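Here the structure comes first, spelled out in structure tokens, and everything after it is commentary.
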């Protein structure tokens, strides 16, 4: 619940932006540049590490085939046992080989190629990797397979730790020291960290430390421009601004796998090329302002007026002369509050924080359970990632339309009810292979619903939290959803 001072301040800003322009050149430039183009570009270094950690199909390397006329498949039959993979299909072992001690005797090998009497042993001469899709990835370069496959699991786990810590820390810093410095520090951390990642795969613990370091600022990078865009634009434009960011996000995730594919699956070039475009935004300080609402909330009235004058100038308007005096008068009556404790400063604010966090958490559980299925999909991994990203786009447009027609609350609640009903046929038909198409349709519907509810929830959070705790409140909601997303693996362990 907002107190009288906050309501007065909001009313003052609404009046001011009506006079200096709330849909002018400044707002359009900022939102299309930072909430669409920037988000598109920064989503790639955010997620490129996921694709760079892909593990191609692999098997034990056993020297000697070059001196024979055996094909690769024939050589595998001679040197590798078969075993069930994670999908229950019999295939060549990835981590075991026959203990053949007569490699120089081709006749011996040929006579025993069907024999299973050889002792089994772990790979002694390294691994070979399927290069159908990937020239090289970080795991194939470092041989993070078999007894070292835990390396990849640890990277994901510690990456999530960094993400969670960063969400909380950067969110509070955004409310304490300002959106602008947090944005540029976060961008520098992401760019530098991801470029260092490309050169440190041979030093696993350095690679891990850099990965954690890089994960700390990622949430602030798309949260900050959205908050500023909403704070300097007309209230009627909030839904559109959120939609622009969602379009940019989806465009980036759709572009990223195509870039990797065009580079023949070379992870080193992919990390560098998908990260470099974000560097240019480090030099856009003059185009990225601090939020005038944040300045006002912190009592920095002179700086607030300076930003408002800049906005008015770009929009071809004039700021009223009495603006500074009005802000100073309002600031004398206001108590400053920010940080996590402020989220519990009133019953209504605490209740809204709990409901928003719960909504995001439930949506994230379903989202991560669905996303875990991507790892088991056959075929082109780049197109699999592309289609999984593209399917979210209709959900954003539906969310934008319904949020304006039905309101944020009813749309969010209604979407969750429909998703709950969609789970019923999945439960009833899970053991009916002949009806798998129905299950697939329901899963696509649920994925669409998760996107719609996520859009509504994010927009709702931006509009609900007061200026002085907006970034902290959103960060807490994201933090809760990340914990829930991690728990999704408990309901659907990878590979099952």
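Every residue gets a Cβ built from N, Cα and C, even glycine.
Feature annotation from TrEMBL assigns domain 'Major facilitator superfamily (MFS) profile' to 91-496.
The transmembrane segment feature in TrEMBL is assigned to 32-55 (among others).
If you look up TrEMBL, you'll see 182-199 (among others) marked as transmembrane segment. Sequence-distant contacts of the transmembrane segment (182-199) (same chain, at least 6 residues past either end, Cβ-Cβ under 8 Å): 42, 45-46, 48-49, 52, 170, 173-174, 207, 210-211, 213-214, 216-218, 220-221, 224-225, 268, 271-272, 275, 278-279, 281-282, 285, 288.
For 205-228 (among others), the entry in TrEMBL reads transmembrane segment.
If one looks beyond the transmembrane segment (240-261) by at least 6 residues along the same chain, the residues whose Cβ comes under 8 Å of a Cβ in the stretch are 31-32, 35-44, 47-48, 51, 133, 222, 225-226, 229-230, 233, 267, 270, 273-274, 380-383, 385-386, 389-390, 392-393, 396-397, 399-400, 455, 458-459, 462. Residues annotated as transmembrane segment in TrEMBL: 240-261 (among others).
As annotated by TrEMBL, transmembrane segment applies to 267-288 (among others). Packing against the transmembrane segment (267-288) from elsewhere in the chain are residues 29-30, 33-34, 38, 41-42, 44-45, 48-49, 51-52, 134, 136-138, 141, 180, 183-184, 187-188, 190-191, 194-195, 197-198, 225, 228, 256, 259-260: each is 6 or more residues past its ends and has a CB under 8 Å from a CB in it.
The transmembrane segment annotation in TrEMBL covers 353-370 (among others).
Annotation comment: TrEMBL describes 414-431 (among others) as transmembrane segment. Sequence-remote contacts of a segment are chain residues at least 6 beyond its ends whose Cβ falls under 8 Å from one of its Cβ atoms, and for the transmembrane segment (414-431) they are 359, 362, 366, 406, 438-439, 442-443, 445-446, 449-450, 452-453, 456.
According to TrEMBL, the feature transmembrane segment maps to 437-458 (among others).
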Long-range neighbours of the transmembrane segment (32-55), counting only residues six or more past its ends (CB under 8 A): 134, 137-140, 144-145, 149, 152, 155-156, 159, 187, 190-191, 194, 197, 211, 214, 218, 221-222, 225-226, 228-229, 241, 244-245, 247-249, 251-253, 255-257, 259-260, 267, 270-271, 274-275, 277-278, 281, 284, 287-288, 381, 385
Averaged pLDDT, computed only over the residues in the domain 'Major facilitator superfamily (MFS) profile' (91-496): 78
